[in-house]
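Undergrad: The structure follows.
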Amino acid sequence: MDSSLNPNKHLKEEFVSNLDGSSILEIAALLTIVPLLVLIRYSIGFHCRTDNNDKSVSSKKNDDEIVVSRQWKAYSYGISLDFIFIVFPMLLFFTVLSEWVYHGVVLLSPLLLVLTVTAKRSSSGLQRGQSLSFRANVSSYRVALMLITCLCILAVDFTIFPRRYAKTETYGTSLMDLGVGSFVLANAIVSRQARDVSSGNWISGLKATAPLLLLGFIRLVTTSGVDYQVHVTEYGQHWNFFFTLAAISILTSFVNIPAKYCGILGFTVLAGYQTWLVSGLNTYLLSHERGNTIISKNKEGVFSTLGYWGMYLLGVDLGYRLFYAKHSNTRSTTSSIARVFLVSLILWIVTILVDNYVERISRRTCNMPYVTWVLAQDLQALGIFMLSSYIPKNKLSPLEEAIDQNLLATFLLANVFTGMVNMAVDTIFASPLASLVILTAYAFALCAIIGTIHFSGFRLKFW
């Protein structure tokens with residue numbers, strides 16, 4: 001009798017292995033749909049803000065409870081709208097509507113235009129002048145990345161999630177390949193370094209890295225303890241996402257230079273690493289060869305850190321020059337958006353050239369074409385989020401605010417739920433209907449719990 005807590009471990013590992021990914025165009029279409037859904041939610045409105053002044057209406061003892069009850073009803077209504085207009089459609093396009101991605105872009109774009117024009121006509125001149133700040137746009141972008149990640153880490157274990165969206169084995173592009181790279185870039189753009197703010201000495205930097213290292217070891221111990229499936233070629237036998245973030249933080253703490261020089265250093269690191277790769281390192285990293293040393297057992301995670309560090313430095317440089325430098329603050333909103341799209345277009349051209357003439361895109365090694373692809377794709381998505389400036393009365397939705405204030409809690413809770421579902425359900429044998437029901441319930445529970453945590457005033461955010 002099999003005593004394993006996860007008897008189908010090897011089947012589940014094989015289910016996400018040896019995949020080739022999708023086309024760059026399809027991934028770009030998917031990453032266009034997500035911000036379009038968010039902007040459509042903005043244009044609809046109904047953010048259900050509660051009026052805290054109600055507390056002064058009466059001095060009765062139970063007045064506060066009545067006000068909180070009213071606030072909770074309005075808040076939960078807003079969270080429900082966010083789930084209906086943002087989260088659930090995302091889940092559908094990632095699964096059962098995956099063949100309709102291009103149709104989705106074609107249909108959602110004019111719908112957004114109509115809703116925006118209608119909202120402008122019905123709004124006052126004062127309201128038309130209101131727009132989200134750059135920081136709020138970046139928050140929307142980071143929240144969208146988190147939602148994509150949370151949906152995909154469980155959906156990938158079900159058959160209704162297309163295999164072309166799962167992480168590639170060696171070369172290629174997929175939706176899930178963008179994950180860690182996008183988080184690295186998002187952190188770089190809003191980092192203290194990009195804002196040209198002193199981040200202290202290397203000791204304080206190491207202290208800030210401690211939580212990431214702790215989470216990395218906790219994940220390592222728990223996955224080993226319950227015999228959870230691990231795709232070894234993703235990072236290695238022991239390495240994981242948290243260790244990569246920690247390694248980047250440590251390198252940045254020791255090599256802490258002004259933002260205006262980060263682009264030069266980042267390009268130098270990437271050029272050197274790419275030269276090393278095409279000189280033979282890529283053959284070693286993409287092979288099944290593993291020695292007895294800790295580095296050899298975790299070769300993908302260890303060596304790809306160089307690529308992610310180069311990406312981080314380029315992200316700092318782009319963040320500084322596009323959004324935080326003195327000259328960038330004097331530009332109009334339209335000019336800022338145009339600059340973001342222009343840089344994205346240039347990076348798309350570089351990506352196509354490097355992918356065709358140097359080396360194909362590889363998340364596993366985090367080579368130069370992978371870095372430029374992530375930069376191009378994410379800046380394109382951020383540019384679309386910045387179009388919210390043309391939508392009157394726009395503001396972060398309740399769910400966005402909740403996740404933005406609890407990014408870490410959201411990610412950890414999603415990982416816990418994913419583990420629980422995988423231990424309780426044979427995901428690869430679930431029917432399409434059962435899979436969709438489970439994923440919908442998971443997504444709704446995640447949104448409801450994070451919303452409740454935020455409403456209660458709790459905040460867990462350090463990256």
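Here the Cβ of each residue, glycine as well, is placed from N, Cα and C on the backbone.
According to TrEMBL, the record shows the following:
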type     : residues : note
TRANSMEM : 24-44    : transmembrane segment
TRANSMEM : 74-94    : transmembrane segment
TRANSMEM : 100-119  : transmembrane segment
TRANSMEM : 140-161  : transmembrane segment
TRANSMEM : 173-190  : transmembrane segment
TRANSMEM : 202-221  : transmembrane segment
TRANSMEM : 241-257  : transmembrane segment
TRANSMEM : 264-286  : transmembrane segment
TRANSMEM : 306-324  : transmembrane segment
TRANSMEM : 336-358  : transmembrane segment
TRANSMEM : 370-391  : transmembrane segment
TRANSMEM : 433-455  : transmembrane segment
Undergrad: What else in the chain is close to the transmembrane segment (173-190), if you only count residues 6 or more beyond its ends and a Cβ gap under 8 Å?
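TA: Contacts with the transmembrane segment (173-190): 19, 21-24, 27, 30-31, 94, 135, 138, 141-142, 145, 148-149, 152, 156, 164-167, 241, 244-245, 248, 308, 311-316, 318-319, 323, 361, 363, 366, 370-371, 373-375, 377-378, 382, 463.
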Undergrad: Who are the long-range neighbours of the transmembrane segment (24-44) in its own chain, taking Cβ under 8 Å and residues 6 or more past its ends?
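TA: Same-chain residues near the transmembrane segment (24-44) but 6 or more away: 81-82, 85-86, 89-90, 93-94, 101-102, 104-105, 108-109, 111-112, 115-116, 118-119, 140-141, 144, 147-148, 164, 173-175, 178, 351, 373, 377, 380-381, 384-385, 387-388, 391, 394-395, 397, 400.
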Undergrad: Counting Cβ pairs under 8 Å that are 6 or more apart in sequence, does the total for the transmembrane segment (74-94) and the transmembrane segment (306-324) reach three or more?
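TA: Since fewer than 3 Cβ pairs under 8 Å link them, the transmembrane segment (74-94) and the transmembrane segment (306-324) do not come into contact.
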